[in-house]
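Going by TrEMBL, these are the annotated features:
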DOMAIN    10-62  domain 'Myosin N-terminal SH3-like'
DOMAIN    71-763  domain 'Myosin motor'
BINDING   G165, E166, S167, G168, A169, G170, K171, T172  ATP binding site
COMPBIAS  618-629  compositional bias 'Basic and acidic residues'
COMPBIAS  1117-1129  compositional bias 'Low complexity'
COMPBIAS  1134-1143  compositional bias 'Basic and acidic residues'
DOMAIN    1527-1803  domain 'Dilute'
Amino acid sequence: MNRELQYMFVQCARVWIPDTEEVWKSAELTKDYKNGDPSLHLMLEDGKTIEHKLDPKTKNLPYLRNPDILVGENDLTALSYLHEPAVLHNLKVRFIDSKLIYTYCGIVLVAINPYETLPIYGTDIINAYSGQNMGDMDPHIFAVAEEAYKQMARDERNQSIIVSGESGAGKTVSAKYAMRYFATVSGSASEANVEEKVLASNPIMEAIGNAKTTRNDNSSRFGKYIEIGFDARYRIIGANMRTYLLEKSRVVFQADDERNYHIFYQLCASANLPEFKALKLSSANDFLYTRQGRSPVIAGVDDAKELCTTRNAFTLLGINESYQMGLFQVLAAILHLGNVEIKDRDSDSSLIPPNNRHLTAFCDLVGVTYQDMAQWLCHRKLKTATETYVKTLPRLQATNARDALSKHIYAKLFNWIVEHVNKALVTNVKQHSFIGVLDIYGFETFEINSFEQFCINYANEKLQQQFNMHVFKLEQEEYMKEQIPWTLIDFYDNQPCINLIEAKMGILDLLDEECKMPKGSDDSWAQKLYNTHLKTCSLFEKPRMSNRAFIIQHFADKVEYQCEGFLEKNKDTVNEEQINVLKASKFDLLVELFQDEEKATSPTGHVPGTGGRTRLSVKPDKGRDASSKEHKKTVGCQFRNSLQMLMDTLNATTPHYVRCIKPNDFKLAFSFDPKRAVQQLRACGVLETIRISAAGFPSRWTYQEFFSRYRVLMKQKDVLPDKKLTCKNVLEKLVQDQDKYQFGKTKIFFRAGQVAYLEKLRADKLRAACIRIQKTIRCWLARKKYLRKRSAAITIQRFTRGYQARCLAKFMRRTQAATIIQKYQRMYVERKRYRQKQAAALAMQTILRAYMARQKYQALLREHKAVIIQKHIRGWLARCWYKRCLLSIVYLQCCIRRMKARRELKKLKIEARSVEHFKKLNKGMENKIMQLQRKIDEQSKDNRSLNERLVGLESSYTVESERMRGELNRLRGAEEDAKNKANQLSSLLEELERLKKELSSTQKEKKTIEEWAQTYRDEMEKMVSELKNQNVSLKKDKDDLNKLIQEQSQQMTEKMARAIAEETQQLETDLNEERSRYQNLLSEHLRLEEKYDDLKEEMTSLNVSKPGHRRTDSTHSSNESEYTYNSEYAELEEGSRTTEDVTRGIDTSLTLKLQKRLTELEQEKQSLRNELENKEEQFQRARARDDAEFKKARGAELEYESLKRQELESENKKLRHDLAEMRQSLLGDAATGAGAPGSPAYKVLLDQLNASCEELEVRKEEVLILRSQLVSQKEAMHHKDEKETMTEPSVYAADVSKLKDADELKQAYVGLKDTNRLLEQQLQTQRRTYDSEVESLRGELQNVKEENNRQQQLLAQNLQLPPEARIEASLQHEITRLTNENLELMANDPTASRETRVIILRRMVDLMEQLEKQDKTIRKLKKQLKVYSKRIGEMGAGQTEGQTSPGQMVDEPIHPVNIPRREKDFQGMLEYKKEDELKLVKNLILELKPRGVAVNLIPGLPAYILFMCLRHADYVNDDQKVRTLLTSVINSIKKILKKRGDDFETVSFWLANTCRFLHCLKQYSGDEAFMKHNSSRQNEHCLSNFDLAEYRQVISDLAIQIYQQLIKCMENILQPMIVSGMLEHETIQGVSGVKPTGLRKRTSSIADEGTYTLDSILRQLNAFHSTMCQHGTDPELIKQVVKQQFYIIGAVTLNNLLLRKDMCSWSKGMQIRYNVSQLEEWLRDKGLMTCGAKETLEPLIQAAQLLQVKKKTDEDAEAICSMCLALTTAQIVKVLNLYTPVNEFEERVSVAFIRTIQTRLRDRCESPQLLMDTKMIYPVTFPFNPSSLALETIQIPGSLNLGFLTRV
């Protein structure tokens, strides 16, 4: 065992071991294998441990498993280990996990039947595979078809596609899809729709040749080989079909659960149709031939609909209704014949009962007599040398004869249909090449195998031999091309088996010989086989338990054949008299079926029978006797000859193989049975292909790919500049055995298993590198974590120690503080106790002394103040009564005033409802609050006055008490007198008592008054608080109402904005759809026109080439290349002259169809145009409403615009003032001579004047802009007022309806409404003010405009004069004008005029100095110019002119220019003669080259010239000239596009000019909508006589066609670059890994010479963009083109990504995202980010993100579903299924995760289409883009050769 093998069988290595259930089972080594070990210790995938014993003799180790990154490869030959388990596992993984049914196996395409309809056969898939290399896309039947088509065109060699497989494996479907691909890609060479006819043959052949079997519901019971013919341009011109070995026995017998041919059941299912009543059919269960299988219905198949499809196919192939009914009549007759019951008459004879219903129906249908058919169904005619006898037949033989006749009729019908199908598919065009599609049965083996299985397996032996030879030949060619040594590969040769069957004395030879024997039988034939081959051939065996069977060892398996029935099926005997009866039929179709019937019906001329002679004898016919000697060929002989012809055809072509595999026997969708799959893989030759590949060098790498993949195994010193030498040196070190690899010219060839060995070395190296990286990273992380912990610990320690120190210091401070606090606390307590005692003693003394003093004082007070108190109390009572009366009167007045105020308030409220709005209500409420506040203030003022009165009363009481105290003192003095006057004591006592009573009553009244004042104060405070609360509530209600109104208005605004946005979006969508439909119809119309022109030219060329035609002039060929554009009438006349010749070769029906189709398209085009106009009107109205809504927001800019206007007015006045000063200074200087003619001051002043005029123009434009803004603001305000009057009542009404209970709020609403009207009146007043200001501005602007026009006229007049006269005239005019203005200024203000003159004089001095300097410079430059001109133009002339002084050079003109005076009236028109129209079109359109002359032209110059010519035709009112000019222009542009439509520059040039011509027609149409941006001069150039709106639509359609042609041209240029640049090329080197590839090499991702990269795409995009910009294409149109470009890039890239498994990886996702970012950067550089191009790349971006995101958990699934919104469910699932790891460290996407994604995306409503439509073109629009170029300033270059045009 070599070192590599010992290195592979180590622990954890995985191997394959045999298994009875799964064929092969995977296991893993649990310990290393050492050389000599008798067994291997393995662990199965379920965890079970076993010991696998090795064969002690061979010591063969089990098969090794491939690395995981190789599992699921597109090509089985890419597997490192090529053996049966690897192939089976790879197919299973692709089929079950990835849902991929196609896989390459070298040159073979393995197709597994999914038993489910897959969306991978649409037109988009066909377009994706078209033009691609076979290895560049995922395996597909379309890839095989494309390879065949490409090789046919490239190698000029016929091709064949051989489709084989078991019944039910999908052969017919694969062949059908291959033919569909050819029909779609190539098209047809004529209008006869040959490709449709080729496809229409499929339903016919399936109806008459397919049937339901136990293995397949649509099994082909015949083999067919279809040759699809192509012409020299490789377009389909016809087809031819050859059939092999129809299973005729199925017509009369079907096994259980099987059916007869589909056509019988289709007829029975449609028996109730009126046209089928004569067929006398009924249910399929009523006929013997259709009920034997007891399964008349196929699930999911409607036989009635299938019959409609079959009939439509017959009609398409030219088989009319009468023939179809004839065919159905024959088929119905066969069914009735099967129901004819034959009964026994005796043991040797039989009979048919008279008036048999089914036989009668049979005879009526086929047109024969009942007696003849009944006679010969039960009898047979025998011939001898002398006589002819009629012999009766037993019932069994008669039944067999009836069935034989049925089979024979059906076979004849089958051949007739095939013949007529071929006639329909044939064509008169010479066939250049063909592609054959062989749909033939695969190897078959059943429990009972008969003659049919023998022939089928014989055919497969021949095909397998051809396949083996072809595979061996390809291997040999590859080795020879790479110049590597090779040895003869041993492969299985099945020539001995073929010799056993077809050689002399072979099985077929002995069978034919036995058929010739008079008494030959199956038993005697079997004995001959035993005697001949049993001992001589090892491939022939005899069964042990049977003498009527034999066994043949085929290449696939041993098959046992039963000899019973071989002779009968080989003879294919039919009763001759029955055939004669049918030939004598009155049914023409039946006679046609048997017209070529051979006379002899059997090889021997008679059939041995068991019965005796009959009574009837007939004399022999000599002629018939002679013909009876001609023996027809047996079935075996015919099949052998046809098979040999097929093999000769296949050997003369390049074959392509498709092997169909049936995954299970139960027709379960995506269910894989390993046993059945292995059996078929062995039988179809796939494993033989693997074995041949494995015997040589199956793995092949280019040197660059090997270097990129295994660079990690090389050291830096091993890398050399020569990659080839580097690979050699590395391989010699890695692989010791030199026989394991070979070095070719461009590739390295490896033996089987070496790639896996290298992959293991690479994985180990990467794993070691990963471990080292992980080790270093982990060390770094651990050290970083340790340092972080250490730093944290030190920090914690530092903070802890600081905290402890702070705690200790705090404790010490607290201890010291506590001691001090205790000292002071004790001192404070003692001092407090002392002070309390001292204060208590003092308080007691004070209280006692005060009490004694008060007692004494009270006594004196009571005695001496009584009188004074009584006096004052009485006065006070009188005043109180007066005040109470006054307050009562005031209260009554307040009540009456309040009543009147309430009445007045009601009146005011009623007026408020009709007069004022919210503002007035708020003002009323504020007034009310202010009144209430005022009332509160008044009442508080009264309260204060009362308080003041109370205070005054108290003060009077105090004064009185003081007075009484004095009086008391006086009384005390008088007390002594009182003692003396004892007699007065009693009276004084009484008076004192009375005074006490009055004092007490006075105190009570005082208390009552105080209580009333307190009550009144409380009531007023309560009222004030209530009023405040009411005020707060009213304010709150007001705020709530304002907030509610604002919210509702905001909601209404948002709602309306959303509704408008939705409606606008819907209208835009509808408009785009209608545009798309309309533009598609235009493209279809253009295609039909081109076809019509091609047909016309072709028929014209055919008529020209006819013999006897008149001689053509020698200049005809040159003139023919030029297009004659006289007029439409000339074309019609020429067409009418050639109609007679053309129609001779054109199919009349085809012409009528084309005309009808053109009419329909025109009508549909007109209707779509009208609908498009309606949609555009709706869109414009919606946009106008939207603009009006958005203009409301511009009201805030009015103030700014007003300020801007004032600023412009001030600057304008300043400019006028400066101009007036200059004029005055000029007038003042004129007197002194400074401004004399010829002085430099004139030039300076003229320059200043021009600058002032330019500045005036700028200001005029600003005024115009301001005016437009004011007008728009005026309209916005008007629209806002209208909308407010419309919307506000509804909003406010809603608010009022919500507040029905609040009556005052309703009144407030009405008041606010009136306020709104008042505000509206104010707004109208303000608007009138603005209008007056605008009118004043208009007046000023008109004055400025008149001044500017006058200056322009002056300059135009001056330009026509010579230079000296020009300056003199202009200055003279200026002097005159300035003089007049100066006089006016002096009359107005002489002082200001003098000051202005001084300033101007100073400025003129400075200007004159500058002018002198400029004159010197000009003299110097003119001198140099003259010197240079003499050197160039007058090399040999004298030098006299050089002596001229500089002064003379200034005064004398060098080249006097006389400008014609007529040019001052040039109107921007070009006049041409009618006969010069052809020359104009030829020079300006047909012969103008964009890359030559047109590069230096003004952008759009041809369009301007054509429009100026059109303007002159309109000016002279010549409608014929206008019509012919426009027709010629349109036809010429169409012709130049047809001739050079693949040149991007030409198409772009004429797209730009067509759009410019269309814009000119709009700009100068006179329509106000297009004249907004015109100057007054441009408005004068508008068309005056004709309305060309209809021609504008025609030119718009032409522009659409040119745009579509531009897109197609651009797509053809970009298409080859996209896949290579966006997917295959590694923009970021080293990210993507190269995986091992198989026989079909994919395009390398390494950029070689000629390989397109992303830079190539960007350069091409730059070229497109610069070309369009150079041609003056509208910016909006450029944006649409760029958007279409990016859509094509994104769609093609995504489609290829979805069809390439090798591109779906993480690294490729990174590459795609980088490439997309580069495209976005390009958009950003060009300023095109807003054109919508980036959005078209969104599906591609999301697909790239999908490749890079995690794909494991449910959260990942949710993220994917929310991220991939631009991708469909089918695309997401497809990407996940195709995701392929490039390295072993990546993981595959699990099936459960994909199912989770499907479950989450189940509710998405989207198209099931997988690929994006790369042919989709966005509808184009041409926004109006007026030109500022004046027509009168355009100059026509002489290079255009348009000298015949006259400027008008």
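In case you wondered, yes, glycine gets a Cβ from its N, Cα and C as well.
Known features from TrEMBL, placed on the structure.
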{"residue": "G165", "record": "ATP binding site", "Cβ within 10 Å": "27"}
{"residue": "E166", "record": "ATP binding site", "Cβ within 10 Å": "25"}
{"residue": "S167", "record": "ATP binding site", "Cβ within 10 Å": "20"}
{"residue": "G168", "record": "ATP binding site", "Cβ within 10 Å": "22"}
{"residue": "A169", "record": "ATP binding site", "Cβ within 10 Å": "25"}
{"residue": "G170", "record": "ATP binding site", "Cβ within 10 Å": "25"}
{"residue": "K171", "record": "ATP binding site", "Cβ within 10 Å": "27"}
{"residue": "T172", "record": "ATP binding site", "Cβ within 10 Å": "23"}
PLDDT averaged over every residue in the domain 'Myosin motor' (71-763): 83
Shell list (ATP; ref centroid = CB of G165, E166, S167, G168, A169, G170, K171, T172; cutoff 8 A): N113, N216, S219, S220, G442, C660, K662
DSSP residue counts for the domain 'Myosin N-terminal SH3-like' (10-62), split into helix, strand and coil: 0 helix, 24 strand, 29 coil
